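S.K.: Pasting the feature list from TrEMBL:
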type     : residues         : note
DOMAIN   : A:5-190          : domain 'UmuC'
BINDING  : A:Asp9, A:Asp105 : Mg(2+) binding site
SITE     : A:Tyr14          : site 'Substrate discrimination'
ACT_SITE : A:Glu106         : active site
Amino acid sequence: MNDIIFLVDMQSFYASIEKSANPNLKNQPVVVAGDPERRSGIILAACPLAKKYGVKTAEALWEAQQKCPHLVIVRPRMQLYIDISYQITQILERFTDQVEVFSVDEQFMDLTGCERLFGDMNTIARKVQEEIQEELGVYARVGMGPNKILAKIACDNFAKKNDEGIFYLSQENMKQTMWKLPVGKMFGVGSRMERHFHRMGIQTIGDLANYPVHYLKKRWGINGEVLSNIANGIDYSPVTTHTHNSQKAVGHHMTLPRDYETLEDIKIILLELSEEVAKRARSKNYRGHTVSLGVRGANFDHPTGFHRQIKLTSPTNYGMDLFQAALQLLNKHWDGLPVRSVGVTLSQLQSADVYQLSLFDASVEKDQLSQAMDDIRLKFGQTAIVRASSLRDGGQVFDRSKKIGGHYK
Amino acid sequence: MPNKLTHGHNLMWESSRMMLPEHKEILQQHQQKLNLKTKPQLDEQEVQCLEQQLNEAIHSGSTVTLVIFGPIEHLKLTGKIGMVDHQLRQIKILLPNDELEWVKFKDIMQIE
């Protein structure tokens, strides 16, 4: 017997939430968009009415307004969206305890063996849709399959496009359906990969499925075989609930409100990010051994930037250590061109309970200092104590403390 | 090291998803809540046995290890029993590092 896996996807999630929160918006074209002043002014979600005017996700706000002048623009409320996503997780857990959250608006369910409880899979899918619609006013689409990849493709390419919002993709029907799709529509194939495939004469997913796997492996290694498996509807990964428990890295990334051109300005941001990363590592009781820095240039047409990492002599969760390492990377690799976004990541994590003391490094002092700062922040708020450099106009801490994922809470 | 092709692992999905840290946090708390333990009901003989052991430990002044109930994780405390407070139904444990800890009778699950 086959497993039954669902991928439940919310239609224009943020926009739907805003529409059900405010009934006045019901028959109006609504988009959720960031602040245009701060360059996060892109469309995060557009409701189906807005999409009819040709408004697309991720385009600039002004572009959307040109297409649809009476567009209703709503500011994002990230915390609300996370809370609703969590409510949906709880609704799905009424059907099965095997629920894996894949993103804020997509969740996997494993319903193998649940038919006797709730009926066949189409019945369950409709019930899932009904309960989410009734309780939260969001329309959910359900992709079904014998494994996660077929459920995902069923949802992205078929359930989203048909009237009932439900589609079952199996090893049997995938040759008549999925294989006919252009290869660029496949999960895991971006525009660059698509170009490579076109050059190799692969146009559809079916072409890729029948392409000898050893050529793909030779050219792209593991990833080549993964893509071949996907095209053949093969996926052995389980639906796991504890997928978010283990952490490999702590990172922070920021798109700057304007292009930063001087080393002075970039250093301010670098220190803020380092402090932030260190703070989060400490709160999770981690130390990390490797620091990586990513910088992206401001000019989209001539993409510049780098992503490099450096291994520290000893694991740390102290902000200044991260900053020193990141600065070293910046000095070495930065080409001096204006910078649009910066990210600092601490990886190779280990528990902070046990660590090797360093002879030449006052680690006890650093620990006490960090501890004191964390305590102050815990009691008086995240911006109660900040580096003096953050008070200069390049500083972003105060703005960031009001945001989740770069958008207002 | 497992890679994206290893059966039973979830790397293919984990490497391609986007999750906000704040969202992960909520889900981790949720998982913890699902696994909360309820306190086991001790039967009479077991309570008697615990009492006896406790008595012995107090009188002999020996070091004992107590297993104390916790909803997420049970706690193990090793030390000498210092004082018994019948009013509040708790005992004082002297830990080897000169700290002390009050423990409620009803939270004790095991004595060694």
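Note: Cβ is positioned from N, Cα and C throughout, glycine not excepted.
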S.K.: Cα-Cα, whole number of Å: A:Asp105 (Mg(2+) binding site) versus A:Tyr14 (site 'Substrate discrimination')?
M.R.: 9
S.K.: Which residues does A:Asp9 (Mg(2+) binding site) neighbour through Cβ under 8 Å, counting only same-chain ones at least six apart?
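M.R.: A:Asp9 (Mg(2+) binding site) has long-range Cβ partners A:Asp105, A:Glu106, A:Ala140, A:Arg141, A:Val142, A:Gly143, A:Cys155, A:Asp156, A:Ala159, A:Lys160.
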S.K.: For A:Tyr14 (site 'Substrate discrimination'), just count the other CB atoms lying within 10 A of its CB, please.
M.R.: 28
S.K.: For A:Tyr14 (site 'Substrate discrimination'), what is the secondary structure state per DSSP, taken as helix, strand or coil?
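M.R.: In three-state terms, A:Tyr14 (site 'Substrate discrimination') counts as helix.
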S.K.: By a simple count, how many Cβ atoms lie within 10 Å of the Cβ of A:Asp105 (Mg(2+) binding site), its own Cβ left out?
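M.R.: A:Asp105 (Mg(2+) binding site) is surrounded by 22 other Cβ atoms within 10 Å.
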S.K.: Taking all residues of the domain 'UmuC' (A:5-190) together, what is their mean pLDDT?
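M.R.: The predicted confidence over the domain 'UmuC' (A:5-190), as a mean pLDDT, is 92.
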